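Here is the structure we will look at.
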Amino acid sequence: VHLTAEEKDAVLGLWGKVNVQEVGGEALGRLLVVYPWTQRFFESFGDLSSADAVMNNPKVKAHGKKVLDSFADGLKHLDNLKGTFAALSELHCDQLHVDPENFRLLGNELVVVLARTFGKEFTPELQAAYQKVVAGVANALAHRYH
């Protein structure tokens, strides 16, 4: 991902304020609610029958945190996202058979949740920088599919 020094500083600066448990759970929950076909990958999570059930599901929250912990690892390696996410790309492609479009959808949900969480602090410039990052991560996760 190509970010200017200012974009990188802004992305990392905001990320230091992110509660990965809350933001991760909300982002994954929103993905499962807005794009219900994604729920098929999470059948072992129990009750996903309504928006409330999804958003309050402890397994959704826990997996959302796990996803954002991996995303945070990517932020430390912005110059090598494909290498950073190679094992996860292989897992999601070869074993889980996740449609790679879902990575882009989740990235967009993450940006929405960051905007909701940080309000005016999440400026248009910061949003643009985060869009670059989530697109880069989605591309890295989809790498095995190509």
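Here the Cβ of each residue, glycine as well, is placed from N, Cα and C on the backbone.
The annotation heme b binding site is assigned in Swiss-Prot to H63, H92. Residues or ranges marked as domain 'Globin' in Swiss-Prot: 2-146. Marked as N-acetylvaline by Swiss-Prot on the basis of similarity to another entry: V1. Feature annotation from Swiss-Prot assigns phosphoserine to S44; the stated evidence is similarity to another entry. According to Swiss-Prot, the feature N6-acetyllysine maps to K59, K82, an assignment based on similarity to another entry. If you look up Swiss-Prot, you'll see C93 marked as S-nitrosocysteine.
Nearest neighbour of K82 (N6-acetyllysine) by Cα distance, taken over the modified residues V1, S44, K59, C93: V1.
Note: K59 (N6-acetyllysine) has non-local neighbours F42, S44, F45, G46, i.e. same-chain residues 6+ apart with C-beta under 8 A of its own C-beta. Taking the Cβ of H63 (heme b binding site) as reference, residues of its chain lying under 8 Å away and at least six apart in sequence are, in sequence order, G24, L28, F42, F45.
Rounded to a whole number, the C-alpha distance linking the residue listed as 'S-nitrosocysteine' with V1 (N-acetylvaline) is 22 angstrom. Long-range neighbours of V1 (N-acetylvaline) (same chain, six or more residues apart, CB within less than 8 Å of its CB): L78, D79, L81, K132, V133, A135, G136. For the domain 'Globin' (2-146), the model gives a mean pLDDT of 89. A simple way to gauge crowding: the CB of the residue listed as 'S-nitrosocysteine' has 17 other CB atoms within 10 angstroms, across all the protein chains here.
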